[in-house]
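Notes for the one structure printed next.
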Amino acid sequence: MGNLALGRKLWTDTTCGQNATELYCFYSENTDLTCQQPKCDKCNAAQPHLAHLPAAMADSSFRYPRTWWQSAEDVHREKIQLDLEAEFYFTHLIMVFKSPRPAAMVLDRSQDFGKTWKPYKYFATNCSATFGLEDDVVKKGAICTSRYSNPFPCTGGEVIFRALSPPNDMENPYGAKVQEQLKITNLRVQLLKRQSCPCQRNHLNAEPQHFTHYAIYDFIVKGSCFCNGHADQCIPIDGFRRVKAPGAFHVVHGKCICKHNTAGTHCQHCAPLYNDRPWEAADGKTGSPNECRTCKCNGHADACHFDINVWEASGNRSGGVCNDCQHNTEGQHCQRCKPGFYWDLRRPFSAPDACKLCSCHPVGSAVLPFSSVTFCDPSNGDCPCKPGVAGPHCERCMVGYWGFGDYGCRPCDCAGSCDPHTGDCLSSSTDIDWYHEVPDFHSIHNKSEPTWDWKDEQGFSALRHSGKCECKEQVLGNSKAFCGMKYSYVLKIKILSAHDKGSHAEVNVKIKKVLKSTKLKILRGKRTLYPESWTNRGCTCPILNPGLEYLVAGHEDVGTGKLVVNMKSFVQHWKPSLGRKVMDILRRECK
């Protein structure tokens, strides 16, 4: 808070002696309010000891109480204007006149740097006769007043204006109503009608008297920088140059040093990364800072913007949308890797190098429909492979396939494996031939190894090709997490056989117990599971080894009604204790 006129230029229409030396007369102050003899002197704007320039109104009223500005002689109308370099809060004006106060004047303000003006207050000896307005001496709250238009005292008379009247003192100082009343960019006083000192009637003289001017000691514009309640200090606006004047040391500057995650000259908007809720001015009545809230961009954006539709869709909880996601991420919160990249789980997602470029083989990888670009699974980097192709990058034929090329790999025409390049059948005593119906696990290790006949499909499992299956599977943690998966089915099964269908795989099982079934009607007996990982990995994942019993919890494919097994499924070797624990969770916790 301070005098906004300090360090800034005041504009007037005229100045005493601006063209040549002029004579003027005035009455000295007296304590008993009696008329003294007038005094006369000379003024010349070009000579410092005779000059009475506009800047004299804006020097320190304490250190230089008797310096003043004076208009030219014989001026009927005059203007004093203060132009500010930014928006400021204006609270009150104090003018101390050396000449008699005007018979009529108007105080105006602009909020758009002088394009338009609105009156703050009219001043007149007779409001009705001069302006056609009511007098606030008679009607409280009227826009005109006669309080400060008495010609006496002839020197030292004051004009005081408060931008907020006492009934409004308890309003929120940062609210829209108060801002409309206090915010200014320019202040103007129009001096419309002079009036003579009554003492002149007592000192009539044959010689001409030079009293036809306006003169003002002090023009004090009290106010502060306008910061919407989000700053305690202000610094100079870029480009501002202080006007050098005696005593003009404590200049009120216009650029706020913002707090509460706000930004802008007046802290009028949120800082770039803090737009998760709408900007608000602080509440000066309650003391609430109404801070701007950070957007959740996972460390991958420098800015965000507020979206009203997102805000309303969230129930007025969050409306931030991240701008220009970096580090190969995308989404409202930069929460996922963009197509062509995947999250390296060894790195936290907030790390700049969390999203790695997919490294899919250009020949073995399948492309998305209507696209020429190959994308990998954004959660683990696995590539979508063409039929008969395997490997995390789709870089080789599956076991039992050959002829790696533009159309994938072809099945071997053998009762076993074949050369992946030529298709020639291979013979190996170490190979175990698998039949369409896979025997119990223990028969695999029987010393008298049986010979199995091949049919049109090739059996497969993680046991046979364990080098290709390193699966991160769901574990039974707390009951809340298990219930949160909302599994469609929970079964005790035994793996009978597994079959590659080219584009997908099928695992034949025997359902031995149904622990949970929601929309599906599941009966005990033979059924088929559909592992989603076969095309990418060349084996079932989670691991389903033939001949073994498992507890499996998974989801249904809504479109086809198939029982799906994927990385979200819960698969563990069956144990009675595990079955009891899961049943207890289903009964007590999953409701």
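Positions of Cβ are set from backbone N, Cα and C atoms, glycine also.
Annotation comment: TrEMBL describes C325-C334, C385-C394 as disulfide bond. Annotation source TrEMBL lists domain 'Laminin N-terminal' at 1-224. The domain 'Laminin EGF-like' annotation in TrEMBL covers 295-357, 358-411. Residues or ranges marked as domain 'NTR' by TrEMBL: 469-590.
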Out of C325, C334, C385, C394, which of these disulfide-bonded residues shows the lowest number of other CB atoms within 10 Å of its CB?
C325
Reduced DSSP assignment, C385 (disulfide bond):
strand
Measure from the CA atom of C334 (disulfide bond) to the CA atom of C385 (disulfide bond) and give the result in Å, rounded to a whole number.
28
Number of helical, extended and coil residues in the domain 'Laminin EGF-like' (295-357), per DSSP:
6 helix, 18 strand, 39 coil
What whole-number Å value do you get for the CA-CA distance of C334 (disulfide bond) and C394 (disulfide bond)?
28
Using DSSP and collapsing to three states, where does C394 (disulfide bond) fall: helix, strand or coil?
coil
Using C-alpha atoms only, work out the spacing between C394 (disulfide bond) and C325 (disulfide bond) and round it to an integer in Å.
29
What is the three-state DSSP composition of the domain 'NTR' (469-590), stated as helix, strand and coil residue counts?
23 helix, 47 strand, 52 coil
